[in-house]
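Take a look at the structure below.
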Amino acid sequence: MEEFKDTSPPEELLNHLKLSEQKSPEPGPRDAQHPQSFGSGCAPSPGQDPTEECFHDCQDSFEAKGPVLDDEGNVQDDGSSSRKQTELDEEYLLELEKDMPEEEKQKRRKESTGLKEKGNEHFKKGDYGEAEESYTKALQVCPACFQKDRAVLFSNRAAAKMKQDKTEAALSDCTKAVELDPHYIRALLRRAELYEKTEKLDEALEDYKAVLEKDPSVHQAREACM
């Protein structure tokens, strides 16, 4: 992701990606983490900001067999689950929701948006553990058919985990976000940064190249590919 400011919620940072608004990179915590190798199915709600995260409470989906659960009944996201397993989890949730009325889906989406906004407030205050918890709850509420909404939620949660040095778990969330929305530049940039941090430079370069293919104006990706 582009230059973070500790007081900004993750989804607000996305707006700074456009070249016309982007400032030259300034030294920050994330710059110190970059190796030298790269140089310095559901319709959206009316009026919804496309960069805004929205969100599946489907309690049965987390109580029935299928997804790997933690002690709180949430889908595990400690970085140990395989990509194949997480993909199956989303398909499993979609199957459970197939007969859910549209009105109920929209109701849960609205509820999850509130949880997301609560997470953003925690993030602004530097309460990253609380932010992570709010994003996790929002993912539990968000219907799986809102894939782009869930992608942003996973990416937001990754940002909160990054602040807590939960690198592998953050990588897992970024990968999930990209799987749900392959054109999500924010998640690709965030994952590239994490790959650099873990010395997976080839993977980082691939993500930066993918970003440039989608938006050649992203300075961070251009600089990394020079």
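Cβ coordinates come from backbone N, Cα and C, glycine included.
The compositional bias 'Basic and acidic residues' annotation in TrEMBL covers 1-33 (among others).
For 53-63 (among others), the entry in TrEMBL reads compositional bias 'Basic and acidic residues'.
What TrEMBL records for 95-128 (among others) is compositional bias 'Basic and acidic residues'.
The annotation region 'Disordered' is assigned in TrEMBL to 1-130.
According to TrEMBL, the repeat 'TPR' annotation covers 112-145 (among others).
According to TrEMBL, the feature repeat 'TPR' maps to 185-218 (among others). When averaged over the repeat 'TPR' (185-218), pLDDT in the model lands at 95.
Secondary structure of the repeat 'TPR' (112-145), assigned with DSSP and counted as helix (H, G, I), strand (E, B) and coil, comes to 28 helix, 0 strand, 6 coil.
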